[in-house]
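Structure, as structure tokens:
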């Protein structure tokens, strides 16, 4: 394959990492004493990064195919992001949304001009963006559609939409809801990519008075096992929404901002949402979230929703740097080429171990390798073995390995990652 001019230009800038010596001794016991136990952490502590490489506190290097879970769009210490954040924090890092924030307006304009949206609301995370979408849907149902009954939002089984009470309720995975009753009312679930089940559910809920206010889906399910949406399914979803005055909402928190080889995941499906959300990769690792909508459903008024930190100058400067770099360096070309290369390499591994792996799937640089249900191996076991060999991966459920490297990953790094994975698997079988 041809070597992307994007990657050449990134490498030519020579990321400046001045000290790769081991950091001061890090004690996990001290960390665990003071930090709440909300993550099952792997036993390494990350000290610094450059491009697609991370170093731990002992000086060991790793190829980073987690990227903060699809968040470090430009990798680590990218000059454009470093420059944007450094310049902005010396000028103005935060001011209230009681005033106009030029960087926020500029970022909103860029997003609108490069998407199907007309308006943008900024917040700080994917969960917050999805909360904003849920509130917008409910207000639209009450004020525009004049619902007589409680609005219902349909989401997919095996979905993931966040960790707040509303978003774990929207998430179609009971394991995330356990112990958090009472959940937020107004949600129901259908199997992903199943047209008949969706049609039946809408018909059942709308019998008598309309109740379905929105259908809320991921274009590709990330936490649900890296499962791409089916074109025929999403075309029918759009038709159902149009025929029944139902809003179509897409959660693009993990797949948006070029991750799939297109700027937005919905571009793979041939339909446009009425509302969609973004976060993770939008500012390359600087906390940000965004909820976008078309003008007809922009029913928020002052006081309906807000965010203290949402759209602050620092996060918006970072977001602009990421998006302009994606566009200016033609990173989508690199994502498509490196994604094809990665899937080809994973397919070779699957063919080498036909009883261990069943499927390679994904778009661009979000890909999954599924482990056979008959195998005793789990995704976490392979993740640990790969980490020992110097490759960081993330599980997407107990039987799926997830590959989400930075969008600047090189041809050589993809080849190296595939070889490391091959070696790691060999230690387990």
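Yeah, the Cβs are placed from backbone N, Cα and C, and that goes for glycine too.
Database features (Swiss-Prot):
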- 126, 127, 160, 251, 252, 253, 254, 308: pyridoxal 5'-phosphate binding site (BINDING)
- 163, 307: N(2)-acetyl-L-ornithine binding site (BINDING)
- 280: N6-(pyridoxal phosphate)lysine (MOD_RES)
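Features per Swiss-Prot, on structure.
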residue : record                               : DSSP class
126     : pyridoxal 5'-phosphate binding site  : helix
160     : pyridoxal 5'-phosphate binding site  : coil
251     : pyridoxal 5'-phosphate binding site  : strand
307     : N(2)-acetyl-L-ornithine binding site : coil
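Of all the binding-site residues listed here (126, 251, 253), 126 has the Cα closest to the Cα of residue 163 (N(2)-acetyl-L-ornithine binding site). For the pair residue 308 (pyridoxal 5'-phosphate binding site) and the residue listed as 'N6-(pyridoxal phosphate)lysine', the C-alpha distance works out to 19 angstrom. Neighbours of residue 254 (pyridoxal 5'-phosphate binding site), defined as other CB atoms within 10 A of its CB across all chains, total 29. The two recorded residues residue 126 (pyridoxal 5'-phosphate binding site) and residue 307 (N(2)-acetyl-L-ornithine binding site) have their Cα atoms spaced 13 Å from each other. The binding-site residues listed here are 251, 252; among them, 251 has the most other Cβ atoms within 10 Å of its own Cβ. Between the two most distant C-alpha atoms of the annotated pyridoxal 5'-phosphate binders (126, 127, 160, 251, 252, 253, 254, 308) there are 25 Å.
Summary: among the recorded positions (163, 280), the fewest other C-beta atoms within 10 A of the C-beta are counted at 163.
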